[in-house]
Ligand code: HEC
């Protein structure tokens, strides 16, 4: 009918023509119903006795060991022991799936965010540093707020790898100077005099680097853009 000339198309759309096949179908359907079989079909209701099954019941229990398609609380795959391989895998997967929003260093300034996507909280916020690994695993699995679930893209073992890397990332931005090995401490001392938040060198670094005071910001949700106009 699509290619029919306009006149015919209008006719086809008229109520009269369209009603004909509908009526014909209805008549057929009614004709089929006058057999007694269709009027009262045998059926068993949930709680009816039922001699057909050995248990004598209509509603049967699932066989032992049946796994429902939607398991409410499936056993969680346990995290693998931390290893260099696990962290490397986590870093790579984090790079693939998380950096677009959370940024390479986890400050919530990924490329999508720079283009207007809602800014995620900094992964270095105190609340997220203190949250148990399981909570981060759950966020990847189920999503949270405006973050979608990554369960389909990231299998459980990789989720743990990402969480392990996330921990390493957090540690990298939150180390007590006293806990650094002596050579690192010496390098640090050579770069900054006590009380000086940063040498000119530091200031040219990306905004992602931790600066003194970052940790104290509540929530870390809206970090001031320390690069000023540099990003535009
Ligand atoms: C498309 C952007 C996007 C991607 C990709 C993304 N996230 Fe998120 N993430 C968000 C946003 C936005 C929030 C804040 C959600 C909210 O609270 O509404 C968030 C929140 C979080 C939180 C904090 C949850 C909390 O308790 O507040 C964690 C942890 C997290 N994401 C981890 C990850 C990891 C790990 C990945 C990679 C597997 C990832 N995200 C990928 C956007 C993203």
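Indices start at 1 and increase along the chain as displayed.
Cβ from N, Cα, C; glycine included.
Any TrEMBL annotation is an automated prediction that lacks curation.
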Inset, instruction - Could you check which of 139-185, 186-232 is flagged in TrEMBL as region 'Disordered'? - result: 186-232
Legend entry - Summary of DSSP states over the domain 'Cytochrome c' (85-170), given as helix, strand and coil counts: 51 helix, 2 strand, 33 coil
